[in-house]
Amino acid sequence: MKLYMIRHGESEGNRLGKIQGSMDFPLSDLGEKQAQAVARFCTTLAADYLYTSDLTRAANTAQAISEETQLPPRKWELLREVHLGPLQGLTRSEIADRFPETTGKPLIASGIDGTESAQALTERCNSLLSQLKKAHRDDESVILVSHGGFISCLLMYAIVGEQWAAFERPFVIGNTSVTLLEWKEEDERYLLHYTNRTAHLETVRADLTAKHGLL
């Protein structure tokens with residue numbers, strides 16, 4: 001089973017430099033263009049199913065993909081971004097001022113009261129992957145539209161297992177980037193093919209460059 005994990009397009013929260021977590025933000029104008037670009041790319045994947053986080057920035061990205069691929073988007077709360085409690089809606093500098101204990105440390109699984117714990121994230125990752133394995137055949141391809149933080153946690157869980165939070169997460173997950181993780185049922189293991197592919201955004205970058213007279 002191939003899992004094409006796609007982060008949502010740029011949101012208004014991204015544009016404003018805010019830590020979003022499970023807060024709901026719409027796509028920015030740039031995010032809409034990115035969503036259209038990744039949607040066109042998705043027509044090359046021959047995917048069988050499309051799931052999305054129910055948060056607006058992901059759901060709108062999935063809707064663009066649906067319009068190109070004709071796959072109905074299925075909203076799934078398990079694909080939501082990591083809940084960051086009191087850190088949500090703040091900029092990095094505001095977080096550093098109010099929560100100095102986070103300086104130089106990842107915000108995910110920080111242990112700050114009100115944030116989603118490493119154990120809760122582990123259970124969520126396990127539940128999501130277990131349900132996908134039960135629902136889909138080994139030869140099927142699935143698109144998952146989610147969020148940067150959660151995708152990186154899901155990758156770590158798939159590769160490292162339940163102790164994932166003890167390791168540094170090396171993955172950069174850009175807006176509308178595509179990451180391919182495959183479950184090899186016959187070997188009972190995951191195979192990571194690639195992460196953070198954004199070649200489909202070249203048309204968006206070229207359009208912006210031309211629009212601003214930078215060519």
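Using N, Cα and C of the backbone, Cβ positions are placed for all residues, glycine too.
What TrEMBL says about a protein is an automatic prediction, not a curated fact.
The 10 Å shell around the Cβ of HIS8 (active site, tele-phosphohistidine intermediate) contains 30 further Cβ atoms across the protein chains shown. According to TrEMBL, the feature active site, tele-phosphohistidine intermediate maps to HIS8.
For GLU81 (active site, proton donor/acceptor), the same-chain residues lying six or more positions away in sequence with a CB closer than 8 A to its CB are GLN20, GLY21, SER22, SER53, LEU55, SER146, HIS147, GLY148, GLY149, PHE150. Residues or ranges marked as active site, proton donor/acceptor in TrEMBL: GLU81.
Around ARG7 (substrate binding site), the same-chain residues six or more apart in sequence whose CB sits under 8 Å from its CB are VAL145, SER146, HIS147, GLY148, ILE151, ILE173, GLY174, ASN175, THR176, SER177, listed in sequence order. According to TrEMBL, the substrate binding site annotation covers ARG7, HIS8, GLY9, GLU10, SER11, GLU12, GLY13, ASN14, ARG57.
Neighbours of the substrate site: apart from ARG7, HIS8, GLY9, GLU10, SER11, GLU12, GLY13, ASN14, ARG57, residues of the same chain with C-beta atoms within 8 angstroms of the site's C-beta centroid are ARG15, GLN20, PHE25, LEU27, SER28, GLY31, ASN175. When the record's substrate-binding residues ARG7, HIS8, GLY9, GLU10, SER11, GLU12, GLY13, ASN14, ARG57 are compared pairwise by CA position, the greatest distance found is 15 Å. Counted over every protein chain shown, other Cβ atoms within 10 Å are most numerous around GLY9 among the binding-site residues GLY9, GLY13. In the three-state DSSP classification, HIS8 (active site, tele-phosphohistidine intermediate) falls within coil.
A distance of 6 Å separates the Cα atom of ARG57 (substrate binding site) from that of HIS8 (active site, tele-phosphohistidine intermediate).
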